[in-house]
Amino acid sequence: MEAKLFVLFCTFTVLKADTICVGYHANNSTDTVDTVLEKNVTVTHSVNLLEDSHNGKLCSLNGIAPLQLGKCNVAGWLLGNPECDLLLTANSWSYIIETSNSENGTCYPGEFIDYEELREQLSSISSFEKFEIFPKASSWPNHETTKGVTAACSYSGASSFYRNLLWITKKGTSYPKLSKSYTNNKGKEVLVLWGVHHPPSVSEQQSLYQNADAYVSVGSSKYNRRFAPEIAARPEVRGQAGRMNYYWTLLDQGDTITFEATGNLIAPWYAFALNKGSDSGIITSDAPVHNCDTRCQTPHGALNSSLPFQNVHPITIGECPKYVKSTKLRMATGLRNVPSIQSRGLFGAIAGFIEGGWTGMIDGWYGYHHQNEQGSGYAADQKSTQNAIDGITSKVNSVIEKMNTQFTAVGKEFNNLERRIENLNKKVDDGFLDVWTYNAELLVLLENERTLDFHDSNVRNLYEKVKSQLRNNAKEIGNGCFEFYHKCDDECMESVKNGTYDYPKYSEESKLNREEIDGVKLESMGVYQILAIYSTVASSLVLLVSWGAISFWMCSNGSLQCRICI
């Protein structure tokens, strides 16, 4: 009986065996990512692929200042509206800024033909050389060049006219046929602008040009048009019943443009030799211009980001991330972040068999925790960690490189008569945007799934590496841990970690301890059976005695009557 009690005592005594556990890193990160199967998975490390912030400023682009048109628009700037005199010397820019109240355009009412196409052309121009194409003093000796002014284009309270055009009228009582040519020798394309005046009455036609049946002809190798004044009564706009239509063309190097007219010509005074080849553009923004520099500008503000995607604004100028509709694009680089719960022990589930990470292991993603007579501690597995870091870093860089197509995306220009085309274009652009957004989100979801599976696989591989070394010299006790059947000092623990564990060296000790433990288990089973019988009999006796005592008490006070019949 004494021997059995000793064995029973052993079964309730915790024997502190040496152990080694495989685990993974955890930290206090709150980063969450989405995968194909899950949303908001907390991870230890991640990288953001989506820029969602800006500085609220309009900045220089790569050191080149933008051109702020203020209250003027492109038409007013190029024609030379007197209200835009501050822009007369502007000849270079990184991009052009119009504001929501850029209303000073054509001061004399009329239509600017193909104006949207001209604005589109400016997207590839960042500077020009402004020059006199037909000098005012010498080009028109037989015509008047000083009386062509109007209250619609007033300056300082007096009638004036566009700074880059000349309103040619009759001299005395005649308007002789004029013919003037210019040959482009600038070595680049030249932008030429002119106009045609349409008076409201025949009397005004004769008053200005003398000739009732006047015409204007403009021709080059690529452009050839003949205009006749459309004389008609019209409602007044800016005090004018007449109209002026404005035209433009690009003159190639070596090409010649000829103007011929017998009246109604608004002649070019200045032209522009264009420097093409760089990405520019026109944006509409009320943001302030600051002394700052950026590589990417949006109407809302500048982006200083190397990320492949942004959701700030679809219109961008410079080297900009691709616009997507997404609100979150975060790529996992680390592991699932599930710190172990202390009441559960060190582990809590990655890879399906380990239920929590270690915040105490800070020098690697995967590693070990050991405990023996010399103490306990964490140690990262540097090789598997470094291989994982290299692989994931390469993958992230590859994704960013493939998706990080930096470019300018300016809005397309449409006039009021092209609304159906504009609406169709918006639908097409929205379709492309939806595809881009879907592709970006799907890419991130798939890569996050692969990354987390990759980490799970690495932890499993590390576990299998330990298991294959220890074999039956230790037993699996769950949660990624092994309990040794032999004493394993720090040197022994280190050999397990670095893959040099000497199985034969410890196999004999392990065999003896394993057999002893198995014997204790068998004896314990016999003791448990005896205890079970004793417990059953004792319980029955207690119940029987209790029932008898209660019955005797009830008979003695008359609560229970007992009759014995023979």
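Any Cβ shown, glycine's included, is placed from N, Cα and C.
Other C-beta atoms found within 10 angstroms of the C-beta of Cys59 (disulfide bond) number 24, with every protein chain shown included. According to Swiss-Prot, the disulfide bond annotation covers Cys59-Cys292 (among others), on the basis of sequence analysis.
Within the same chain, residues at least six positions away from Cys72 (disulfide bond) with a Cβ under 8 Å of its Cβ are Asn81, Glu83, Cys84, Leu87, Ser102, Asn104, Gly105. In this structure, Cys72 (disulfide bond) is part of a beta strand by DSSP. Per Swiss-Prot, the feature disulfide bond maps to Cys72-Cys84 (among others).
Feature annotation from Swiss-Prot assigns disulfide bond to Cys107-Cys153 (among others); the stated evidence is sequence analysis. The Cβ of Cys153 (disulfide bond) lies under 8 Å from the Cβ of Asn81, Pro82, Cys107, Tyr108, Ser159, Ser160, Phe161, Tyr162, each of which sits 6+ residues away along the same chain. In the three-state DSSP scheme, Cys153 (disulfide bond) falls into the strand class.
When secondary structure is read from DSSP and collapsed to three states, Cys320 (disulfide bond) falls in the strand class. The disulfide bond annotation in Swiss-Prot covers Cys296-Cys320 (among others).
Look at Cys488 (disulfide bond): DSSP puts it in coil. Under a cutoff of 8 A between CB atoms, and with a sequence separation of 6+ in the same chain, the neighbours of Cys488 (disulfide bond) are Asp18, Ile20, His370, Asn372, Val496, Tyr506. Residues or ranges marked as disulfide bond by Swiss-Prot on the basis of sequence analysis: Cys488-Cys492 (among others).
DSSP assigns Asn27 (N-linked glycosylation site) to coil, not to a helix or a strand. Cβ contacts within 10 Å of Asn27 (N-linked glycosylation site), excluding its own Cβ and spanning all protein chains shown: 18. What Swiss-Prot lists as N-linked glycosylation site is Asn27 (among others).
The N-linked glycosylation site annotation in Swiss-Prot covers Asn28 (among others). With a cut-off of 8 Å between CB atoms and residues at least 6 apart in sequence, the same chain places Pro339, Thr359 near Asn28 (N-linked glycosylation site), listed in sequence order.
The N-linked glycosylation site annotation in Swiss-Prot covers Asn40 (among others) and is backed by sequence analysis. Counting every protein chain shown, 9 other Cβ atoms lie within 10 Å of the Cβ of Asn40 (N-linked glycosylation site). In the three-state DSSP classification, Asn40 (N-linked glycosylation site) falls within coil.
According to Swiss-Prot, the feature N-linked glycosylation site maps to Asn104 (among others), an assignment based on sequence analysis. There are 18 other CB atoms within 10 A of the CB of Asn104 (N-linked glycosylation site), with all protein chains counted.
What Swiss-Prot records for Asn304 (among others) is N-linked glycosylation site. For Asn304 (N-linked glycosylation site), the number of other Cβ atoms no farther than 10 Å from its own Cβ, over all displayed protein chains, is 14.
The N-linked glycosylation site annotation in Swiss-Prot covers Asn498 (among others). Applying an 8 A CB threshold to same-chain residues 6 or more apart, the list for Asn498 (N-linked glycosylation site) is empty.
Residues or ranges marked as S-palmitoyl cysteine in Swiss-Prot (evidence: sequence analysis): Cys555 (among others).
Look at Swiss-Prot and you will find Cys562 (among others) tagged as S-palmitoyl cysteine.
Here Swiss-Prot flags Cys565 (among others) as S-palmitoyl cysteine.
What Swiss-Prot records for 1-17 is signal peptide.
The topological domain 'Extracellular' annotation in Swiss-Prot covers 18-529, and the record cites sequence analysis as its basis.
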Query raised in the report: Which has the fewest other Cβ atoms within 10 Å: Cys84, Cys107, Cys292, Cys492, the disulfide-bonded residues listed?
Result: Cys292
Query - Candidates Cys292, Asn304, Cys492, namely the recorded positions, that fall within 10 Å of Cys320 (disulfide bond) by Cα distance - result: Asn304
Query raised in the report: If one measures from the C-alpha of Cys59 (disulfide bond) to the C-alpha of Asn304 (N-linked glycosylation site), what distance in angstrom results, rounded to a whole number?
Result: 11
Requested in this report: May I ask for the distance between Cys296 (disulfide bond) and Asn304 (N-linked glycosylation site), taken between their Cα atoms and rounded to an integer number of Å?
Outcome: 7
Query raised in the report: Going by DSSP, is Asn304 (N-linked glycosylation site) part of a helix, a strand, or coil?
Result: coil
Requested in this report: Translate the DSSP assignment of Cys296 (disulfide bond) into the three-state scheme.
Outcome: strand
Query raised in the report: From the Cα of Asn27 (N-linked glycosylation site) across to the Cα of Asn40 (N-linked glycosylation site), what is the distance in angstrom?
Result: 17
Query raised in the report: What count of other C-beta atoms do you get within 10 angstroms of the C-beta of Cys320 (disulfide bond), across all chains shown?
Result: 25
